[in-house]
């Protein structure tokens, strides 16, 4: 029994789930109808659905980020890539003769994704071939990327009037928000591809020691290219969803700070920034924690812009809980308890 | 005696040339070695770039070759110079500080709101410097005691500072305090019609102190040692823990001071101000030749980096037809060139 309890408490997912649970309880107290989901016009409505829908872009990027972080890397450029992909999609739809046709939208989205793949390969090139530290390599695109996005939109906010495009961001399909379906498919694909094949293990081995894994026959360079390209692909999809949601491409504000939210989701989910191991399920919980936190701030009635203070608190708490020193202290505390219990048993 | 005289007596004209040639070649080789050394190479290339950009600007545009254009680089970027100084300390130890932009905004907000509430500037400014230093101290402790990566710890500080800005006020607060206004409009003439602001003097003093600290004190030596190898520093008995925490205090202090200088420049506090300034500061430090892995770099290099960024902006505004977003693209491209350069220089050394 206690062994089972210890296994549950020791699980990487334990603290994130506790955090999510606490947030749910706070919400329920502040807003009794929090868990109710109703059907209106054939769609599901409710706070939980809102959390899923608004959290979808963060989750999508966080999935890509998880794999990058598993290789002991980081991708700061995702926000800029999202802005570029949104700008490209909107520019193409605006430039086409009939913006409302699904074919136009399909072309726009595919071109946006294609351009982002090139950007991902670029990041991969800097990290894998030139051997530049990932933070710095992706910092370049983070700085220049917003400039490129503004170049595409010519400094304007591009507003598009295209029902199929808007559908991607705020539409519903089978009663569920389209954005949530996209996120779920991407998440499932990433989980199956990396956990049902050896790919995930190979990615982790690169994170532990790139040189050793290369000598063991793992194609470290190719894997690095792969994860950065996949991360840019995720960023592109998130950028399309974000842009479609507002039906406007804003080079300055699309995906602003989303790289930080995504990294935060990964860290809350228990994936170590030192690389070498990752948990996609943890990332899912982490993304939900962040979005629920934002929603909680709204429902409790705190000014929404103070959310960042709470995010700061969450990052600090999670980092301190995960730090080796805290674990050590907790461990010695547990041992001293066990010793005391043992002495008590001997005395009686 | 004869043996030593022999060479000169054999060919009076020859030895001079024979001696001279290797001397010139050796000098050239040593000059080249300086140029490709990770210590001086990037700084010298930045200096050459600055001169080149200035000449290009002077040839292309009228009124560019003036003392005031040069001095305006300092006037417009005084706060960025102070930020870059703090960032140099952090990057020299191999860390990074992402919170500086948000802290600039926060100190501007604190200044504006407290002055509005009737506090005097002689209280407000020291208070800001203390608060931002304490924030730096907390970040440093989080990094050292709990072994949190600098990137994440300063990210938390960035969220906290930016969030606190919004808590103070969601809209812009203008500053009407006479001292601040006086400091904002004062121009100190330097002769020939050129002038600077008091902020420039403060920034130059900060740079001078930083140079002295880094090169003439034990703390400065330890900062370089930490960037070279923390392990060796520890084994040598250097105060690793204290230094590692202190660099973030220095960075916090510099961010606070930069925030105050920024309010002298804008005369208002606005929660969305200085977004992305941390990237400018990091870019300036990297372009200024400080190695991101730590251990090599100069404060004066970072100042040069800030000036190059400012010069790019000036050229773009002189050009007129180029839109402001080109600045970001140019800075990104420059960052790329310098990072690859660092990479090449450090690998050659190994």
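Just so you know, glycine gets a Cβ as well, placed from its N, Cα and C.
Listed ranges B:222-244, B:245-267; the one TrEMBL annotates as transmembrane segment is B:245-267. Under the criterion of 3 or more C-beta pairs below 8 Å, with sequence separation of 6 or more, the transmembrane segment (B:279-312) and the transmembrane segment (B:324-345) qualify as touching.
Distant neighbours of the transmembrane segment (B:190-214): 66-68, 71, 74-75, 78-79, 81-82, 85, 88-89, 92, 183-184, 220, 223-224, 254, 257, 261, 264-265, 298-300, 303; these residues of the same chain sit at least 6 beyond its ends, with a Cβ under 8 Å from one of its Cβ atoms. Take the transmembrane segment (B:245-267) and the stretches B:40-59, B:98-117, B:151-169, B:324-345: counting Cβ pairs under 8 Å, B:98-117 has the most.
Just going by CB pairs under 8 A, the stretch in B:40-59, B:98-117, B:124-145 that sits most against the transmembrane segment (B:324-345) is B:40-59.
Most Cβ pairs within less than 8 Å of the transmembrane segment (B:151-169), among stretches B:40-59, B:71-92, B:98-117, B:124-145, belong to B:98-117.
Residues of the same chain lying 6 or more positions beyond the ends of the transmembrane segment (B:40-59) and with a Cβ under 8 Å from any Cβ of it are 34, 65, 69-70, 287-289, 298, 300-301, 304-305, 307-308, 311-312, 314-315, 318, 338, 341-342, 345.
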